[in-house]
Amino acid sequence: MKFEDLLLEIGGFGRFQILILFVLCLARINLPMHFLLHSFLAATPSHHCAIPHQEAFVNLTMEEILLISIPREPDGTFRSCEMFSQPQFHLLLNSSLQPENDSIIQNCQHGWVYDHSQFTSTISTQWDLVCEQRGLNQATATFFFIGVTIGAVVFGYLSDRFGRKSMLMLSLVFSVIFGMLSAASVSYSMLAITRTLTGMALSGLSLIVLPLGMEWVDIEHRTFSGVLTSIFWSIGNMLLALTAYLVREWHWLLVAVTGPCLLSIIYLWWVPESARWLIANGKVKQAHKHLLRCARMNGMKDFALSPEALRTITTDKKPGESYSYISLFRTPVLRKISLCSGAVWFGVAFSYYGMSMKLTGFGLNMYLSQFVFGIIEIPAKVIVYVLVNRIGRRQSQAWSLILTGLSFTSLRSVVAITGKGLSEAAFTTVFLYTSELYPTVLRQNGMGYTSFVARLGGALAPLVFLLDEVWRSLPEVTYCGVAVCCGSVAFLLPETLNVRLPEGIEDIEKTQ
């Protein structure tokens, strides 16, 4: 007997499974609250150099003081990072004049003055992460995703070794600890370290929630479960916009987005360990207890199976046979799949987080942009699951990513919102597609490898914004180029629509 057959006997998708999925989906809301937090945590309001001895200009208005102290850009706005070494009083007579001698212009010497109309404070205003220090501001997101990348490797191993639920709870506990320490940071170094550790901790939540839910659901409802879990990510997107709108001070914003993790620890105590994992690791008595509980809640009162009988359930794990990440590259066809799928995952994550973090360049209020981006993801997730069954996985994956890249070429709000939907469609498709590309014996390793590559894309995405110092449009060109190239690579992958899932490496090699 296989575990899938046992699930049907106890109710493959009854009240027990629905409640588990609902509780796990609630926990998943925590992820975008942190993963996409950088746009608000590190927002940089308009600013200019602080002007010394300002009290000496008692007869001048603030606008006139700025006029004689701060040089202007060609569009008439005051520069953010430069000031005059001496007041230029002649500009009061003719403000259109520009200094002919650049030697009187210098970098800010006395700090900066920020516009606090939108934000009470951000990490950018807290530690002056502007101008020459602008790179440190963007690096905050990179540090977080480096932590997520490391956490993917750590929790991927630990959840197989010690169980899904225990590692999920450990992930949430550390998320609360490091999240609150981030809110209490007294220096940029402390913030960078604690945000990296927060990313590591949250990676466990990201990796475990979906598999834990899937391992309790029958085959027929796994696709539905995946869509439902993904939709709660979008709900978290919208809640982030609301939270950031209500909380404009960065310390309290971190507290507000970390608090729900504490609630998750409380209600996730009810969720049982994966019975599939327990049986595979010889813990049949615990598995038997959870299975009986599932059967009773689903109304299957006639279910009767002894713990000894559970030992006969077959699993995909073969004695004496082991696989590792190296196995993904040993054979020709599998090597091609791994290289191509890695490129696709990099492009998907790179473009998704590039689009998600560019909230101010699309002509909408940044809070409204975040909220609309969350809303547009929901129909995108529903549509993609229709398309993958009509035109196939390969075409859906390739064109959704290519069109995402092309949407970066326009700053129009409608195009940007459509591009955000396409980027989410690409992300949703790649999860389904990758799980079908790899054989059962290597599927978990394949997902772990591609997730690792994706996090590298997420870590690099915020740094690309710094390229605007070379050429104003270079960030958009970079995002577009990477997405289009990686999307084109998807055409090299085999189609998996209506194809039997491969069980072993030989199934992959002989079909090509």
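Don't overthink the numbers, they just go from 1 along the chain as shown.
Backbone N, Cα and C atoms are what each Cβ position is placed from, and that goes for glycine too.
As written in TrEMBL, here are the features:
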DOMAIN    87-497  domain 'Major facilitator superfamily (MFS) profile'
TRANSMEM  12-31  transmembrane segment
TRANSMEM  139-158  transmembrane segment
TRANSMEM  170-191  transmembrane segment
TRANSMEM  197-217  transmembrane segment
TRANSMEM  224-246  transmembrane segment
TRANSMEM  252-271  transmembrane segment
TRANSMEM  337-355  transmembrane segment
TRANSMEM  367-388  transmembrane segment
Stretch with greatest number of CB pairs under 8 Å, the transmembrane segment (367-388) reference, 139-158, 224-246, 337-355 candidates: 224-246
Ranked first among 170-191, 197-217, 337-355 for CB pairs under 8 angstroms with the transmembrane segment (139-158): 197-217
CB contact flag for the transmembrane segment (224-246) and the transmembrane segment (12-31), at least three pairs under 8 A: yes
PLDDT averaged over the residues of the domain 'Major facilitator superfamily (MFS) profile' (87-497): 86
